[in-house]
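So the structure is just underneath, and the comments pick up after that.
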Amino acid sequence: NAQSHDNVVSIMLDTKGPEVRSGDVPQPMLKEGQEFNPTIRRGVSTQDTVSVNYDDFVNDVVVGDILLVDGGMMSLAVKSKTSDLVKCVVVDGGELKSRRHLNVRGKSARLPSITDKDWGDIKFGVDNQVDFYAVSFVKDAKVVHELKEYLKRCNADIHVIVKIESADSIPNLHSIISASDGAMVARGDLGAELPIEEVPLLQEDIIRRCHSMQKPVIVATNMLESMINHPTPTRAEVSDIAIAVREGADAVMLSGETAHGKYPLKAVRVMHTVALRTESSSPVNTTPPAQGAYKGHMGEMFAFHATIMANTLNTPIIVFTRTGSMAVLLSHYQPASTIFAFTNEERIKQRLSLYRGVMPIYMEFSSDAEETFSRALQLLLNKGLLVEGEHVTLVQSGAQPIWRQESTHHIQVRKVQN
């Protein structure tokens, strides 16, 4: 179904990761000051005691720890523990539902980042040719290298997005993002494991790091949380989307709003509308941001100057790419208009949909440059994405040109004619 519409919709498989969850409970209402006890004994479900799915849970917590339930919706203070039970007092109460996520503030569970279940899901992704993996609770770069080695052995061309949601990941941010193909700011668990006032600063930092390495970055969790139950968002949620867009996120993501919310389509429309409006109101700088990690690279120089030209002349950019690299470089500089990225590789088309400002389009390339240019312009005219008489900036750069064997680089401006 993802490929049934003219829009390019990529598929990302989100691994479950090493989550610690409570078992099934009779939905008790936890009240401040009452005793409540997680236990590693299986099948326990009473008003004051519930099983957890992690055998080392008792060993991981110490007296004085704060347990956060369901992303911090409720909290428990650890008072004492036995060999199989943690005795707690409720600090912030609420209704406890079955299979809620448990975090220890400031700590991560000593579990492998990729569980046995995750490996099964990853194999499913290989068999079904998903476009991205989102790997949960990544603590260091080792797990990214491990997954990439597995994908290499499987001959699977799938990119790895790391979810930054663990306290242990923060000291290793640079190496984790460097090893990955992109990052997701998963603010729910990040705000549970770290003080919540740190989350906006970390969001900005992660976006900045990804930009410097020319990796895509997604901002996720609680963006339109109120729309799970209500048809309109809070004004703070609207501002949250706008801030993520202004900070330079490549994508913003919904989860509970569309997974089990009452208004999934409305939530998507709100997010889409706010993101577009925010982008349209952003000031256009003729000179793009400073060059990034590959500033000595010929391709980066061309992307930089193509962006200056497009912004100065107020034109969209058309790029022809086999590998996607030039489209990625152009996206890094965030030109004011759309980047139409033509590629003759389906996998590249799917991958480029994640990058900010890029509209990927599949098209077979001709060995003749003029024929290729003309076909691309006609296709955009037919789709209503260009109008006759406007100008476009054409970019072709790289060691794998689209119409001959030797390396070629050029930028040109053309007037669209039918």
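Quick reminder: no glycine exception, Cβ is built from N, Cα and C everywhere.
Residues annotated as K(+) binding site in Swiss-Prot, with similarity to another entry given as evidence: ASP14, THR15. Feature annotation from Swiss-Prot assigns ATP binding site to ARG21; the stated evidence is similarity to another entry. The site 'Transition state stabilizer' annotation in Swiss-Prot covers LYS163. The Mg(2+) binding site feature in Swiss-Prot is assigned to GLU165, ASP189. Annotated substrate binding site per Swiss-Prot: GLY188, ASP189, THR221, in sequence order, evidence recorded as similarity to another entry.
Overlay of Swiss-Prot annotations on the structure.
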| residue | record | contacts (Cβ under 8 Å, 6+ apart) |
| --- | --- | --- |
| ASP14 | K(+) binding site | TYR133, ALA134, SER136, LYS163 |
| THR15 | K(+) binding site | ILE114, ASP118, ASP121, ILE122, TYR133, ALA134, VAL135, SER136 |
| ARG21 | ATP binding site | VAL52, ASN53, ARG99, ARG100, HIS101, LEU102 |
| GLU165 | Mg(2+) binding site | SER136, PHE137, ALA186, ARG187, GLY188, ASP189, LEU190, GLU193 |
| THR221 | substrate binding site | ALA186, ARG187, GLY188, ASP189, MET253, SER255 |
A correct count of other C-beta atoms within 10 Å of the C-beta of LYS163 (site 'Transition state stabilizer') gives 26
Which one of these binding-site residues, GLY188, ASP189, has the sparsest Cβ neighbourhood, judged by other Cβ atoms within 10 angstroms?
GLY188
Same-chain neighbours of the substrate site, Cβ within 8 Å of the mean position of the Cβ atoms of GLY188, ASP189, THR221 and not counting those residues, run in sequence order as GLY71, GLU165, ALA186, ARG187, LEU190, GLY191, ALA192, ALA220, ASN222
Please report the three-state DSSP label of GLY188 (substrate binding site).
helix
Any idea what DSSP makes of the residue listed as 'ATP binding site', helix, strand or coil?
strand
Through the lens of DSSP with three states only, how would you label LYS163 (site 'Transition state stabilizer')?
strand
Widest Cα pair spacing in Å over the listed substrate contacts GLY188, ASP189, THR221 is 9
